Amino acid sequence: MNPLAMMMFLTSLAIGTTITLSSHHWLLAWIGLEINTLALLPIMTKTPHPRAIEAATKYFLTQATASALMLFSCLINAMQTGEWDINTPSNLMTNSLSIAIMMKLGLAPMHFWLPEVLQGISLVTGLILSTWQKIPPMILLFQISHNINLSLTVILGLTSVLIGGWGGIGQTQIRKIMAFSSIGHLGWIIIILKLNPQLSLFNFILYTIMTTAMFLSMIMLSATKMSQISTSWTKNPALTTTTMLVLLSLAGLPPLTGFPPKLLIIMELIKQNMFISATLIMLASLLTLFFYLRLTYIIALTLSPNTHNSTIWRTPTKPWLVFSIINTMALTLLPLTPAILLT
């Protein structure tokens with residue numbers, strides 16, 4: 001793709017996100033989301049492959065449906081209340097607005113588009129879709145969290161964690177595994193949204209950091225399948241080791257960065273006397289733990305029979321500084337958790 005065109009699309013992504021984040025008006029927020037969607041479509045199809053075209057079509061249809069439902073809800077809300085302010089949706093329209101935004105995020109049971117779309121696009125575009133594109137809808141959910149239906153968030157949160165774990169178990173494509181991982185993490189974020197929005201935001205920030213680190217690792221290793229990741233040790237042992245640790249961090253194992261949000265969410269659910277929800281979400285997270293541990297096992301404890309005997313590590317020229325900073329954050333933020341939550 002022409003670098004000038006790519007720069008224009010990336011700038012449009014940034015502008016769309018900024019408009020949504022800075023708006024107090026539903027129509028402006030909707031416009032920002034539309035700019036985001038339309039800017040990502042050409043990036044998805046920069047390699048004119050049938051799978052990329054199919055992924056872009058599915059993404060467009062899903063986002064258009066969610067946008068139509070969101071605009072309809074905003075119009076009904078304006079008719080009822082006479083206001084377009086984001087912080088004052090009517091109780092009737094909050095549910096449909098929440099469902100439209102959750103469809104944009106890819107929460108279960110509106111998740112069917114996400115694994116197929118991620119599988120059909122490149123790793124770099126998948127990184128944008130899994131992190132940057134989730135920021136505007138998530139911020140809108142935070143803004144209406146005081147009006148959101150608690151039963152809706154708990155049911156969708158539990159369903160997402162269960163689907164995220166169940167769907168990822170049988171996958172061999174890393175992009176699909178990351179898609180189901182994203183669904184599971186979003187379930188953890190949503191289940192606590194009504195009760196403690198600050199904790200949800202903290203969890204979302206850590207999810208973004210860990211997912212960025214994982215996608216960057218896959219980009220560095222040029223791996224999209226489990227069979228490719230199993231041969232990565234001979235290419236770059238240090239990078240393979242950090243990739244394994246990032247996977248364990250995504251699984252939520254102590255003492256890595258992914259552990260504190262899960263611990264704090266379970267503690268918050270118990271504090272709110274939601275013992276059944278806390279038990280169910282912990283049991284459902286065991287499914288995601290299984291496929292993370294399977295990937296870790298493939299990386300660390302298996303070796304391809306076709307590896308070369310060279311002792312020279314191949315280290316191509318890549319942005320190692322950015323990658324090192326993101327990886328360090330994805331692994332070592334546990335001691336800083338109290339300071340982060342107090343700020």
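Cβ from N, Cα, C; glycine included.
Automatic prediction, not curation, is the source of TrEMBL annotations.
Per TrEMBL, the feature domain 'NADH:quinone oxidoreductase/Mrp antiporter transmembrane' maps to 23-288. TrEMBL lists 26-44, 56-80, 92-114, 150-170, 177-195, 201-224, 236-254, 274-299, 320-341 with the feature transmembrane segment. Annotated domain 'NADH dehydrogenase subunit 2 C-terminal' per TrEMBL: 289-341, in sequence order.
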| query | Counting only residues 6+ away from its ends, which parts of the chain sit with a Cβ under 8 Å from the transmembrane segment (150-170)? | reply | 95, 98-99, 102, 107-109, 111, 115, 176-177, 180-195, 274, 277, 280-281, 284-291
| By a Cβ-Cβ criterion of under 8 Å, what residues six or more beyond either terminus of the transmembrane segment (201-224) are in contact with it? | 123-124, 126-127, 130-131, 134-135, 138, 142, 173-175, 178, 181-182, 185-186, 188-189, 192, 232, 235-236, 239-240, 242-243, 246-247, 249-250, 257-258, 260-261, 264-265, 318, 322-323, 326-327, 329-330, 333, 340-341
| field | Range from 26-44, 56-80, 92-114, 274-299, 320-341 with the greatest count of C-beta pairs under 8 A to the transmembrane segment (236-254) | value | 274-299
| note | Tertiary contacts of the transmembrane segment (26-44), defined by C-beta under 8 angstroms and 6+ residue spacing from its ends, are 1, 5-6, 9-10, 12-13, 15-20, 52, 55-56, 59-60, 63-64, 67, 70-71, 74, 77-78, 84-86, 104, 117, 120-121, 125, 128-129, 133, 136-137, 140
| Sequence gap of 6 or more, Cβ distance under 8 Å, 3 or more pairs: do the transmembrane segment (92-114) and the transmembrane segment (56-80) meet that? | yes
| message | Mean pLDDT across the domain 'NADH dehydrogenase subunit 2 C-terminal' (289-341), rounded to an integer, is what? | response | 74
| Distant-in-sequence neighbours of the transmembrane segment (320-341), which means Cβ under 8 A and at least six residues beyond its ends | 198-199, 202, 206, 209-210, 212-214, 216-217, 220, 242, 245-246, 249, 254-257, 259-260, 264
